[in-house]
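All remarks here apply to the structure that follows.
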């Protein structure tokens, strides 16, 4: 990882040192020459990093040289970053005239930036770099910077559809499904096990079986829990109940075992315990005793690497010992991966090279896919180089899978290496939220833009896609409507690889076994309940942390005085990312002056704080601010508009928060999430000045459960239609649009919200009160102001849709998905001819909806739905047969019908749908299969 770290550092140093900041200030004599020489030395070192990265694994001398270099580059980055921060402070200071800024920069009160001190530190760092560059008894080859820095951009569409393409496991899949459906066991609950080494595809097979239609229809209840290497009965009970969709937030822990018994009692259930490592028979018995009340035919499906686990759980039958793929199937998988969707066969030379490579992957699917992805779209010359130079180091008879994966890691671009290794901060089987991880990578400077017009979040999204394509990450959850990956995981072997390449740079610390040293820059902490924070801070003495993450949902620590908190925070002065989940831990008033380099701040589960210090508004580098579950928090800092780099703001479950600073003028804000702020009694989005743009950069807006909020402005006792007309008048007199970039809108449980203003760029709109939307049409029925032409995904709940449906569908003629839940609606037939782009339609519990229209028996309106791929219909008790109009949706691929009590059968013409998979029909008691 050293090379990846150093590339990030050298790029950032060159960017900072080459900026116009230093041209604006008067450096001390000689400092500008030192700065220029520093840039030259950094550029020279950068050309040697790629070769040093490869040689460090076999040379302690090279590894030590890289460590020394890294320390000095971190010092250089910190210094230049501090100077850049002072320049930011000048920009946001009132009356920021240049002469005043220069005086402020070099004032005695600014100890950091006095010209002599800055010059002295630049000189010291430059001398150290010169010495390190020369002080080596080994040769390093130079490489062009462009060859090592540029990220290969392989853009894909947003619809990342993840359907596992399994080769060589079809018979295993059939046998596992057969065992799950077998009811011949004398025990009401029996165990089926999949055992095998890492990388063989145990979890993938379990997922295939879990999602099989026959399995889905056979079991009344299905649950999936990832166990991993820590077997904790109470934790597993919670996870099983969550998977069963039980609300346990208000339950005491002692009540949960009995609740689990009740949930399972008399039900035929399937429980998957993925990645089980426990070998303690006693621990298993404690959990098993709660799982035995299911009805006959219930199954527990276990995946494990260890045969001893099977002995602990006492299973002797239903064991599937997964083997490596045979030679022919290994080759088929490799070809499928390396050719992608291409139909052209490999030429004879490539086939010979490929066969040798596959042989060394030893039949392990993960290794085959990883190497196949690496060689995708490469030329014969590159295949040959890879085989002769990289794979020649691996013994054919005793292959080390980790070495195979390490080769693939070596071929990642530096930015991707850094992002991958950073994942080692989190435990095995951790489910990563994609947006949060991109924000963390941004905070550390891992994501770099070569095009100033391209947003860092978009580049980060490409990084995730590249790591997914290379099998370094695995898709965990995809948005069913947008097709975008939202959550991902790491395979255990890939997590082992991340730990290996991260070394001491990234460490997970458990106070019982773990320590930090001066090489550690990123640390996560798994504290036990009621841990002493003093134990944690004692570990920080030797570290220069840039990441501090608390992994636990909530940790109880002793209460510290403000002075003590100030001392603790002084140890975080180089932090770019800080996440605190500590009850009773105060936030010092000096936070903003102590952590000037902070980019990501998250404070949660802290009921002791009632306000946050105003100095948070001085965190001028801050990109992400998240505050959640701080139930006593009543006020935020007053002047958040000073946070000119803030891009993401989330405030959730702070039930006492009664006021917010004006947010609309945060010029860089891209995402805003406000949830469960039930004490908030006025508009959080209020604009303080009509001369400034209203959320100029905002792209995503989520508002949920802020029940006292009355409207978008501080208006009282005003009719909704009058508010809308006033809004339109304001727009006509104002050259700047409100929400000019907003694409994603989700508003739930805002019963007093008057209306929603038009969003000119919206692509995803979800609202649970149609009345809000109605005002746009009623204010000006002939020319409604809602520009829905870019809308792709529309989800509506609750309210009467009848008055506006036809106009809405005419305006939203580019819709790709539409969900209608609990809407008052008579029919869908007027306006459907406009939805020629519709791909997904989901209709549930719409009172009074007649899906069989006498006026349109032939389904003329539906003939335009040529792109409809998925149809879901639920809760129609009078429905006995499918309406005739469905026969026009000949490209239908999935059909799901539920809770239709009178539905008896499917029509014969449904067999003509050549693309349709097996229809999913459940909770239809009269349906005859």
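Along the chain as shown, residues are numbered 1 onward.
The backbone N, Cα and C atoms fix where each Cβ goes, glycine too.
Taken from TrEMBL as is:
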DOMAIN    17-97  domain 'Disease resistance N-terminal'
DOMAIN    174-339  domain 'NB-ARC'
DOMAIN    425-498  domain 'Disease resistance protein winged helix'
DOMAIN    562-676  domain 'Disease resistance R13L4/SHOC-2-like LRR'
DOMAIN    794-924  domain 'Disease resistance protein At4g27190-like leucine-rich repeats'
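By the count of Cβ pairs under 8 Å, the stretch nearest in packing to the domain 'NB-ARC' (174-339) among 17-97, 425-498, 562-676, 794-924 is 425-498. When Cβ-Cβ distances under 8 Å to the domain 'Disease resistance protein At4g27190-like leucine-rich repeats' (794-924) are tallied for each of 17-97, 425-498, 562-676, the top count falls to 425-498. In the predicted model, the domain 'Disease resistance protein At4g27190-like leucine-rich repeats' (794-924) shows an average pLDDT of 84. Secondary structure counts, DSSP: the domain 'Disease resistance R13L4/SHOC-2-like LRR' (562-676) has 23 helix, 28 strand, 64 coil. Secondary structure of the domain 'Disease resistance N-terminal' (17-97) per DSSP, as helix, strand and coil residue counts: 61 helix, 0 strand, 20 coil. Break the domain 'Disease resistance protein At4g27190-like leucine-rich repeats' (794-924) down by DSSP state and the numbers are 28 helix, 33 strand, 70 coil.
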